[in-house]
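The structure under discussion appears below in the form of structure tokens.
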Amino acid sequence: VGDPPPLMDAATAATATAAAALVWFRKGLRVHDNPALDAARRSAARVYPVFVLDPRYLRPDPAAPSPGSARAGVARVRFLLESLRDLDARLRRLGSRLLVLRARDDVSDAVCAALKDWNIGKLCFESDTEPYALARDKRVTDFAAASGIEVFSPVSHTLFDPAEIIEKNGGRPPLTYQSFVATAGEPPKPVMEKYSELPPIGDTGGYELLPVPKLEELGYGDLSQEYIPPFRGGETEALKRMRESLQDKEWVAKFEKPKGDPSAFLKPATTVLSPYLKFGCLSARYFYHCIQDVYRSTKTHTKPPVSLAGQLLWRDFFYTVSFGTPNFHQMEGNKICKQIPWRENGELFVAWRDGRTGYPWIDAIMIQLRKWGWMHHLARHSVACFLTRGDLYIHWEQGRDVFERLLIDSDWAINNGNWLWLSCSSFFYQYHRIYSPISFGKKYDPNGDYIRHFIPVLKDMPKEYIYEPWTAPLSVQEKARCIVGKDYPKPVVDHEAASKECRKRMEEAYASNRLGGNPVKGNSSNSSRRKFSDGGQDVPDSSMSKQPRKRS
């Protein structure tokens, strides 16, 4: 699979002529398979490629639990800036460049000002289904309509148009994967055409055109001690990673989720293409059809929902359900979400968030999240279950917010969908099947290498105690230079007792929902912030039901 040529959009809207067109990048940070960019280059003598720095996501927040903004940790911001620099470099090779603007407060105001000041005749941007984006885009399109500016906003972030799927399904989003796949059919093929240049940029007047800022220039304070994740942003890296993944045709043909090793960190057991899909550095349609090319060259291959192509369909499934479900991002007012009286416990929540639960498997995952901005999907499942229906019985919205802020592949639709699923609030309802914070990780990594890497204080703990250090005799703890309760926390709950209590509470909540009651008391956690996204979703296996042997 080579570097793809840019896409030629077949839509008739792309042929309309304008003196100047503005391509507004938000996601879709790529040149290949970019209908908005292609429409602009075909229909205008001058093309302005624009990205607006959004203070909503980038403004420093000194009160945040780790460096970054209120909505984005430094790992995701770094990935975004790397993606923008790569996009700028690729545009420059076509005789253009990325025009970076900084919004004072509202991104839509900055875009509308540029449309007016640069005398733009056509605005092209990839459509977005997130609530924040829909409101932002409406302000811009209303301004464009009032100003006589043509707008072309194609669907290219997903395989399918969520609105079309909902219409085909009788005006309602399909609520199961199987019904979604049956309704959707085959996604459109990206039509590709090579081109070597873009129209020139027109006069930008007195605008201050910024270079893509460096992370340190955003005001996040001293980042010298911050870990630099191993995943670099950008279309170039996305296409390279995709090529490398698809070169192993046997691996592609046999790919079967949820199988995979969640403890593999030096060489992750997945493609790690989710952040590139989230930012649109890689076209989902291009990736899907490249996978189909591999399938055609093999005798047999796995099928959806577990196949590699099936993971892209999971992505579209969550996009479609989220688009067609009001209040999808919260419990209250969400008709597909069970109303569960989650408890509020700030101390337990912070212990989970900061990797201080006393369960090394859980803590190592949360530390990897904090440092890398990514972890394996089964690792995500483990910590999500632990926070909600497994051990702590804390609201999934609180966990969602942590993932939303820290994941480099944080995706509003998929993140919320996965948390609804793993908390057994929607989609999946076998709440009695719980991930053990001890035995689940041990079956993949009995020596505890993953734990030793992310929790160095435990690196000398013997393997028979690495998952349960509180059970080690004091002499063993002293030899390992890790005294539980001093150098590493004691467990915040007893898993056997806590999981039993969680099952009881879930049973009561389900019964109340069946009777039409509303067991929710008090205020739910803050659910206004938006935007776990590793693509697909899978059902827990039977090994998660096993309870660890109780030790004193």
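Cβ coordinates are placed from backbone N, Cα and C, and glycine is handled just like the others.
Just so you know, TrEMBL annotations are computer predictions that nobody has curated.
Listed features, source TrEMBL:
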DOMAIN    19-159  domain 'Photolyase/cryptochrome alpha/beta'
BINDING   270-274, 311-318, 409-411  FAD binding site
SITE      TRP342  site 'Electron transfer via tryptophanyl radical'
SITE      TRP396  site 'Electron transfer via tryptophanyl radical'
SITE      TRP419  site 'Electron transfer via tryptophanyl radical'
REGION    513-552  region 'Disordered'
Legend entry - Local confidence of the prediction over the domain 'Photolyase/cryptochrome alpha/beta' (19-159), expressed as mean pLDDT: 97
Inset, instruction - Can you tell which of THR270, SER274, SER410 has the least company, meaning the fewest other C-beta atoms within 10 angstroms of its C-beta, among these binding-site residues? - result: THR270
Inset, instruction - If we count other C-beta atoms within 10 Å, could you say which of the recorded positions PHE318, TRP342 has the fewest? - result: TRP342
Inset, instruction - Would you mind ranking the binding-site residues VAL272, LEU312 by how many other Cβ atoms sit within 10 Å of each Cβ and giving me the lowest? - result: VAL272
